[in-house]
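Participant: What follows is a single structure, and I will ask about it in a moment.
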There are 2 protein chains.
Amino acid sequence: MPSFLSTTDADFETRFSALLGMKREEAEDVDTAVASIIADVRARGDAAVLDLTAKFDRLQLTPETLAFSPAEIEAECAKVSPEDRAALELAADRIRAYHIRQMPQDAMWTDEAGASLGWRWTPVSAAGLYVPGGTASYPSSVLMNAIPAKVAGVARLVITCPTPNGIVNPLVLLAARIAGVDTIYRIGGAQAVAALAYGTQTIAPVDKITGPGNAYVAAAKRRVFGRVGIDMIAGPSEILVIADRDNDPDWIALDLLSQAEHDASAQSILITNDAAFGQAVAIAVEKRLVTLARRDIAGPSWRDNGAVIITRDLSEAAALSNRIAPEHLELCTADPDALSLEITHAGAIFLGAWTPEAIGDYVGGPNHVLPTARSARFSSGLSVMDFVKRTTLAKMTPAALAKIGPAAERLAISESLQAHGLSVRARLDRLNTSGENGGAA
Amino acid sequence: MPSFLSTTDADFETRFSALLGMKREEAEDVDTAVASIIADVRARGDAAVLDLTAKFDRLQLTPETLAFSPAEIEAECAKVSPEDRAALELAADRIRAYHIRQMPQDAMWTDEAGASLGWRWTPVSAAGLYVPGGTASYPSSVLMNAIPAKVAGVARLVITCPTPNGIVNPLVLLAARIAGVDTIYRIGGAQAVAALAYGTQTIAPVDKITGPGNAYVAAAKRRVFGRVGIDMIAGPSEILVIADRDNDPDWIALDLLSQAEHDASAQSILITNDAAFGQAVAIAVEKRLVTLARRDIAGPSWRDNGAVIITRDLSEAAALSNRIAPEHLELCTADPDALSLEITHAGAIFLGAWTPEAIGDYVGGPNHVLPTARSARFSSGLSVMDFVKRTTLAKMTPAALAKIGPAAERLAISESLQAHGLSVRARLDRLNTSGENGGAA
């Protein structure tokens with residue numbers, strides 16, 4: 001049974017706080033193992049990567065076969081049906097069109113002191129995308145990670161994707177090719193992250209690593225953070241649906257189940273202002289669970305982590321949603337646009353009942369890599385911004401330095417940083433003793 | 001003696017690589033101690049914070065005196081000279097004016113499929129700024145951290161700043177007041193970071209923690225990352241100056257020393273296309289070091305970590321700079337704007353000899369919190385963007401869903417995510433069986 005809460009219950013605050021604080025994922029303690037894998041890859045390079053791949057993926061590779069050859073990629077891609085290919089291409093086009101709009105603008109201006117100020121954005125030179133193997137090997141995630149990098153202008157984009165026992169997902173290779181990935185290495189785990197961060201004889205190091213992975217991959221990303229940039233460490237997926245009674249309970253049930261089927265530790269929450277509707281959705285969920293292919297995952301997720309919360313009105317629902325800061329938020333209400341203005345923390349909002357969250361997973365356009373575990377309070381989904389960085393620019397004229405330099409000198413002295421002050425003073429003195437004052441006098 | 005390298009030397013690549021890989025900071029192993037401090041604060045709240053402050057800062061506080069009172073702040077601020085106050089206000093005005101331009105724009109559009117797409121930016125609700133105590137307690141850093149947060153619209157902004165033996169820097173309190181900080185707690189170390197991340201009876205938790213600190217503070221920030229957002233973990237400061245021979249060697253020497261005086265592990269590098277000029281700067285540095293107040297810090301920094309690199313031309317200098325990805329880069333050349341176009345990785349660029357880096361530390365306008373240790377390859381300086389987050393928006397019409405829904409359904413099936421597919425299919429079926437097709441037929 002999922003939790004049923006109502007804001008009019010006397011113990012609501014206690015139970016809602018417990019829901020907020022719920023720990024759905026046991027952190028496996030893999031850090032020691034990961035530290036030694038990283039050290040091994042740093043010390044022995046390719047040899048370590050090959051040994052670890054033989055051990056964990058039961059796959060014998062050589063430096064020459066670490067990456068898929070163009071012919072192998074071609075052969076795998078040929079296995080994909082025209083319909084699947086067309087769907088991937090539609091998704092890629094829409095994701096690209098959305099992310100192109102995220103490109104930040106350079107700026108440069110001259111202020112009233114005569115100082116020219118601004119910034120310039122440049123792409124990361126090389127990025128590595130981790131793609132899980134096995135059943136969690138999602139071609140849609142390849143598009144969602146690779147396309148923003150390509151839009152940003154990343155010159156070298158590589159993938160690492162383990163192929164346990166040599167088993168490959170053709171759709172992953174096709175998605176990589178559609179997205180413009182340069183090289184695909186058939187390695188995974190902490191050894192793949194270490195190879196991307198530090199490089200080996202065969203694998204050139206990258207500057208940024210993104211993409212989801214298991215506990216080993218997550219621990220390795222934490223460890224190499226600083227040496228390279230990383231994206232977020234994602235937790236189990238979550239959906240929050242705010243729905244009024246003018247919805248089909250079956251639609252809402254399917255939306256809740258579409259998160260629940262990801263992982264037994266996923267979380268699906270319905271908030272509604274109508275108790276009868278809440279009950280109807282819960283019944284619809286149970287009905288769908290009977291036949292759902294992944295019922296052994298979705299069932300435990302819904303019963304252990306799911307919740308139905310009844311509120312007095314939709315504003316109260318929005319306020320609770322802001323405390324949860326959900327990864328995915330559906331607003332299935334009469335005026336979702338108006339309600340969305342009350343939302344202050346959410347990774348992605350899906351407006352109206354005709355926008356099931358699954359649209360956003362594949363073809364909507366926005367990224368499906370989103371902040372989990374309440375981190376939408378302080379972070380954003382993956383975007384072009386993850387693959388660019390800003391260089392600030394400042395240019396003084398002699399006149400500008402004459403105007404603002406004395407304040408810099410004074411602050412430097414107040415912080416006991418004499419050389420800072422002298423570097424300004426030496427220039428100010430030149431202005432005073434020469435005609436080189438740029439009109440500042 | 002700093003290193004002297006020339007790109008025409010046979011062993012240049014080896015020596016330059018060694019310079020790049022140089023480890024200037026020994027990572028203190030404080031993680032175990034920090035883990036236990038965080039656990040203590042989580043378990044005992046205020047009591048732990050008070051005990052740890054008594055132990056590490058030799059200061060007896062109570063819950064009531066954890067924060068400075070308005071009267072205490074007023075009394076400390078009154079000690080600041082009118083000249084220092086005016087300099088701080090000029091700096092704050094300029095930093096604010098620069099950062100206001102960084103505010104990102106919301107967007108919403110309708111594409112050819114009829115889908116409405118976009119995003120909205122919202123501020124982090126509460127942020128905590130760590131300010132070191134003692135000699136590294138810089139009022140300029142208070143402005144550089146607090147002003148972007150206020151510009152972003154952060155509703156609650158607090159500072160933690162240890163006051164060992166009760167000693168307070170009035171300029172820090174004044175800078176906080178000028179920047180609009182709400183509360184200043186006189187605590188520091190890992191216990192302050194833990195209190196900000198988890199909250200205590202007296203200190204409400206925040207969503208984002210920024211600001212520099214010692215090894216304990218850095219380790220604590222790493223540990224609470226995920227629970228809250230953090231800014232970068234900053235390493236020792238660095239400057240790279242690219243200068244041609246038409247510069248005053250003394251100016252360049254002072255610029256190099258203005259980083260060297262921060263910390264013995266700071267690094268100052270000159271790249272020039274004129275060997276004689278390189279020698280002249282090295283001589284000027286030694287001359288200035290004789291009388292510099294912080295010569296016992298700047299001297300070891302320059303001799304152990306400093307370098308003078310002679311290149312064939314300025315483009316070669318830019319290429320080497322890109323491999324270093326410096327935190328601060330001065331371009332003291334005849335046409336710094338043109339040369340800046342060759343720079344692909346740098347935290348901040350200071351254009352021309354009239355723009356000493358110290359201007360950027362205080363009054364230029366751009367932020368002085370910048371990526372160190374070659375992380376400008378993948379990250380940016382502190383900005384308004386650190387205090388906002390993006391919510392993506394998507395809204396389908398029935399017609400839009402009819403157009404792109406089938407591709408989503410197909411991809412869901414290819415990923416064995418049946419409920420995802422059904423959530424789309426249930427809606428598509430409604431379109432087929434009713435007139436509710438929004439004009440899609």
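Using the three backbone atoms N, Cα and C, a Cβ is placed for every residue, glycine included.
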Participant: For the substrate site that TrEMBL gives with B:Q259, B:H262, B:H328, B:D361, B:E415, B:H420, which of B:S137, B:S141, B:S237, B:S383 also belongs there?
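Facilitator: It is B:S237, as the record lists it for that site.
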Participant: Could you list the residues of the same chain, at least six apart in sequence, whose Cβ is under 8 A from the Cβ of B:Q259 (substrate binding site)?
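Facilitator: Set apart from B:Q259 (substrate binding site) by at least 6 residues yet with Cβ under 8 Å, we have B:S237, B:E238, B:I239, B:A266, B:Q267, B:S268, B:S301, B:H328, B:E357.
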Participant: What are the non-local neighbours of B:Q191 (NAD(+) binding site), defined as same-chain residues 6+ apart in sequence with CB under 8 A from its CB?
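Facilitator: Listed in sequence order, they are B:I37, B:D40, B:V41, B:A48, B:V49, B:L52, B:T53, B:F56.
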Participant: For a quick check of packing: other C-beta atoms within 10 Å of the C-beta of B:E415 (substrate binding site), how many?
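Facilitator: Excluding its own Cβ, B:E415 (substrate binding site) sees 21 Cβ atoms within 10 Å.
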Participant: Is there any among the recorded positions B:Y130, B:Q191, B:N214, B:S237, B:E327, B:H328 whose Cβ is under 8 Å from chain A, and which ones, in sequence order?
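Facilitator: Qualifying residues, whose Cβ lies under 8 Å from chain A: none.
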Participant: Name the one residue among B:H262, B:D361, B:E415, B:H420 whose Cα is closest in three-dimensional space to that of B:N214 (NAD(+) binding site); these are the binding-site residues.
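Facilitator: Going through B:H262, B:D361, B:E415, B:H420 one by one, the closest to B:N214 (NAD(+) binding site) is B:H262.
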Participant: Substrate site residues B:S237, B:Q259, B:H262, B:H328, B:D361, B:E415, B:H420: biggest Cα-Cα distance, Å?
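Facilitator: Looking at B:S237, B:Q259, B:H262, B:H328, B:D361, B:E415, B:H420 as a set, their Cα atoms extend up to 56 Å apart.
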Participant: What does the structure give for the C-alpha distance between B:E415 (substrate binding site) and B:E327 (active site, proton acceptor)? Integer Å is fine.
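Facilitator: Distance between the two Cα atoms comes out at 44 Å.
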Participant: Among all protein chains shown, how many Cβ atoms are found within 10 Å of the Cβ of B:E327 (active site, proton acceptor), not counting that one?
Facilitator: 29
Participant: How many other Cβ atoms are found within 10 Å of the Cβ atom of B:N214 (NAD(+) binding site), counting all protein chains shown?
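Facilitator: 16, counting other Cβ atoms within 10 Å of B:N214 (NAD(+) binding site).
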Participant: Let me check the 10 A CB neighbour count of B:H420 (substrate binding site). How many other CB atoms are there?
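Facilitator: Neighbour count, Cβ to Cβ under the 10 Å cut-off: 29.
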